[in-house]
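What follows is a single structure, written as structure tokens, with notes after it.
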Amino acid sequence: MDNLRQLKQVLQESVQIVFFGGAGTSTESGIPDFRSADGLYSNQTNRLQSPEDILSRSFFLKEPEAFYTFYKSNMIHVEAKPNAAHLALAKLEQQGRLQTVITQNIDGLHQLAGSRKVLELHGSVHRNHCVKCKKAYPIQEVIHSAQMVPTCETCGGIIKPDVVLYEENLDQQVMEQAISSISKAEVLIVAGTSLTVYPAAGMIRYFQGHTLVLINKEKTSFDEQADLVIHERVGQVLSEAMKN
Ligand code: NAD
């Protein structure tokens, strides 16, 4: 594959690489994405409410029980292990060539693979806090709560995941750090994302380096802006590209 050879060369010759990924980076770990044919959007049993409706701030506040019923069975995957993509990126960081992983994912798999410089645009299922007193809770408290809706042992308030819900703003500091690293990158690898969720998707326009790489199973509306497009599985592509 010509494009793969080209990617291999780009990775070998660059030291300012940034990765920008989405749910497709974790499908090879068994976590469904949203928009693939076998993603959460097409497999939803509740046709009246879309995952976007349920994972919204107003729904969380109005119907915490229904929110947590969906969230616990669809968004928490503690059994999932990092796949070839996460491992290849951790190795690229260890080699001093990958500067930052910017992810829209909330599953914590990049950190589990060993990546240290990870910016989580949409937060993490592993961090949770009481909406009233702000006390922090680990994911286990959410999974094993006595009632469907986990509540604070100190003040009785509802515990909310530190996940950016629809209708909520991204953390300003995380966003600024992401924009700063994208604008300093010489190579930006965008992978496993439909690039439809904003403002995250809009961040790639800050890239001013020499090679924009797009790795996605399906076409995206950004394919034409990329210098190198590979329509294959990201784990397979990155592990191949990292081979000596
Ligand atoms: P998306 O579902 O909209 O798009 C995923 C894209 O990845 C699709 O275009 C699909 O073709 C592609 N893809 C799937 N598997 C792939 C693979 N192995 N290799 C290459 N490409 C692959 O996901 P999105 O753009 O990240 O937006 C969805 C939102 O949902 C994000 O905000 C994300 O936080 C959230 N989400 C996160 C997780 C997670 O944390 N793992 C899972 C589902 C959704």
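Backbone N, Cα and C define each Cβ position, glycine as well.
Copied over from TrEMBL, here are the features:
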type: ACT_SITE; residues: H122; note: active site, proton acceptor
type: BINDING; residues: A23, T27, F34, R35, Q104, I106, D107, H122, T193, S194, N216, V234; note: NAD(+) binding site
type: BINDING; residues: F34, I106, D107; note: nicotinamide binding site
type: BINDING; residues: C130, C133, C152, C155; note: Zn(2+) binding site
type: DOMAIN; residues: 1-244; note: domain 'Deacetylase sirtuin-type'
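With a CB cut-off of under 6 A applied against ligand 1, the binding-site residues A23, C130, C152, N216 are reduced to A23, N216. The CA atom of D107 (NAD(+) binding site) is located 20 Å away from the CA atom of C130 (Zn(2+) binding site). Taking the C-alpha positions, the distance from Q104 (NAD(+) binding site) to the residue listed as 'active site, proton acceptor' comes to 5 Å. Comparing N216 (NAD(+) binding site) with H122 (active site, proton acceptor), their Cα atoms are 20 Å apart once rounded. For the recorded Zn(2+) site, residues C130, C133, C152, C155 set the reference point as the centre of their Cβ atoms, and the other residues of that chain within 8 Å of it by Cβ are V131, K132, K134, K135, T151, E153, T154, G156, G157, I159. Around A23 (NAD(+) binding site), a 10 Å sphere centred on its CB holds 23 further CB atoms from the protein chains shown.
Take A23, T27, F34, R35, Q104, I106, D107, H122, T193, S194, N216, V234, the residues named in the record as contacts for NAD(+): the widest Cα to Cα gap among them comes to 20 Å. Taking CA atoms as the reference points, H122 (active site, proton acceptor) and C155 (Zn(2+) binding site) are 27 Å apart.
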